[in-house]
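Pulled from Swiss-Prot:
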BINDING   K345, T346, G352, F403, N404, K405  1D-myo-inositol 4-phosphate binding site
REGION    237-262  region 'Disordered'
MOTIF     396-400  motif 'NPxxY motif'
TOPO_DOM  1-38  topological domain 'Extracellular'
TOPO_DOM  60-73  topological domain 'Cytoplasmic'
TOPO_DOM  99-107  topological domain 'Extracellular'
TOPO_DOM  133-152  topological domain 'Cytoplasmic'
TOPO_DOM  175-193  topological domain 'Extracellular'
TOPO_DOM  217-346  topological domain 'Cytoplasmic'
TOPO_DOM  371-378  topological domain 'Extracellular'
TOPO_DOM  404-422  topological domain 'Cytoplasmic'
TRANSMEM  39-59  transmembrane segment
TRANSMEM  74-98  transmembrane segment
TRANSMEM  108-132  transmembrane segment
TRANSMEM  153-174  transmembrane segment
TRANSMEM  194-216  transmembrane segment
TRANSMEM  347-370  transmembrane segment
TRANSMEM  379-403  transmembrane segment
Amino acid sequence: MDVLGPGQGNNTTSSEGPFGTRANATGISDVTFSYQVITSLLLGTLIFCAVLGNACVVAAIALERSLQNVANYLIGSLAVTDLMVSVLVLPMAALYQVLNKWTLGQVTCDLFIALDVLCCTSSILHLCAIALDRYWAITDPIDYVNKRTPRRAAALISLTWLVGFLISIPPMLGWRTPEDRSDPDACTISKDHGYTIYSTFGAFYIPLLLMLVLYGRIFRAARFRIRKTVKKVEKKGADSRLGASPAPQRKKSANGELGSREWRQGVENKAGGVLCANGAVRQGDDGAALEVIEVHRMGNSKEHLPLPSEAGAIPCAPAFFEKKNERNAEAKRKMALARERKTVKTLGIIMGTFILCWLPFFIVALVLPFCESSCHMPTLLGAIINWLGYSNSLLNPVIYAYFNKDFQNAFKKILKCKFCRR
């Protein structure tokens, strides 16, 4: 979205502007050849990567059946939207930036602004739809399995486009100021104060608030589940240490006699002290049995551990199994912490990228129309802010698809042309 067109940030005349621009007597910046070459290369690369990345996501979902589910339909629709931004909007925006003035006429300018606002708003709202789908999936997993249908995904996608139309169309119907069309070399969004508030809050600030709330609740729900799992593991480990272990049952042979393996019983512990049991489990014909169990006293003697009769029970859990349970519990705790850190990292990347790309743009979009006469925006800074927002269409497929292993496998198949051989 172009709030500040190239060369429009400063109406005063200067001999040399930032990044190789020169202002002429009318205040409209001319550009040097080096500026045009460098800008063309940078923006051309960005557009090419955005088109390629989003096209690969769409192709992967269309060709790989394992990716054809409701969650990925939303990601695929986001990729289609960002592909539209890359194909319909960015080339005209790049031409505007390279030439440093609008040369395509007023009708094309109106169409460009409408497509710009429509596609960028829909892209942002797709991120909200994905967040909402993930929120329902993690907070109500049992019921949402039946509700998570293609029809529901289609309804969410349609809503994103409807809101985009409601925000992009009003300027074409006259919700603008007379000054918006006063300069034939400029093509910027409507600076009407009412439309500025309506469009910025509808396209960004309300979706941003919704995403912060949803991902905050997703994080709390995920952390609660992870910690609940850890507590269950710890409780199970504690119960196994405190509880008695039942004696192994001895199977009878065909003639009705007990198995040949005998239990050693009746050891007498006269000296007292700390006993530590060490055992080895062996699978025999008559089932699993603790065959060699010895007691090591902290003193010098060595005795056999009293073992249970058929109706008896081992008086204490063997240390070998206690340590094993403790190791398992510790491993589960570490895995849970790793999952929690991964959740924080993933949500941080999603929200951090979105805010980094769009917040500077929408701050300028909201503030500039109210203080245009007194605010000074350097040309280079305005260009960076505009293209930082556009770059979100390049980063979305990386965040939502390329980090996913299923998508990675599909991309490998595409690169190796495995789908072509079917």
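Placement of Cβ uses the backbone N, Cα and C atoms for every residue, glycine included.
Since the structure is predicted, the reported quantities are computational estimates derived from the model, not experimental observations.
Counted as Cβ pairs under 8 Å, contacts with the transmembrane segment (39-59) are highest for 74-98 among 74-98, 347-370, 379-403. In terms of DSSP helix, strand and coil, the topological domain 'Extracellular' (99-107) has 3 helix, 0 strand, 6 coil. Between the transmembrane segment (194-216) and the stretches 74-98, 108-132, 153-174, 379-403, Cβ pairs under 8 Å are most numerous for 108-132. In three-state terms derived from DSSP, F403 (1D-myo-inositol 4-phosphate binding site) belongs to neither a helical nor a strand segment and is classed as coil.
At the 8 Å Cβ cutoff, the transmembrane segment (153-174) and the transmembrane segment (108-132) share at least 3 close pairs (sequence separation 6 or more) and count as touching.
Taken as a whole, the topological domain 'Extracellular' (1-38) shows an average pLDDT of 55 in this prediction.
Counting Cβ atoms from all protein chains shown, G352 (1D-myo-inositol 4-phosphate binding site) has 12 others lying within 10 Å of its own Cβ. Per the record's binding annotation for 1D-myo-inositol 4-phosphate, residues K345, T346, G352, F403, N404, K405 show a top Cα-Cα distance of 22 Å.
Cβ neighbour density within 10 Å is lowest for K405 among the binding-site residues K345, K405. Sequence-distant contacts of F403 (1D-myo-inositol 4-phosphate binding site), defined by Cβ-Cβ distance under 8 angstroms and a gap of at least six in the same chain, are T346.
Proximity of distant same-chain residues to the topological domain 'Cytoplasmic' (133-152), defined by a Cβ-Cβ separation under 8 Å and at least 6 residues beyond the stretch ends, is recorded for 70-71, 73-74, 214-215, 217-218, 221-222. There are 16 other CB atoms within 10 A of the CB of T346 (1D-myo-inositol 4-phosphate binding site), with all protein chains counted.
DSSP places the residues of the topological domain 'Cytoplasmic' (60-73) in helix, strand and coil in these numbers: 11 helix, 0 strand, 3 coil.
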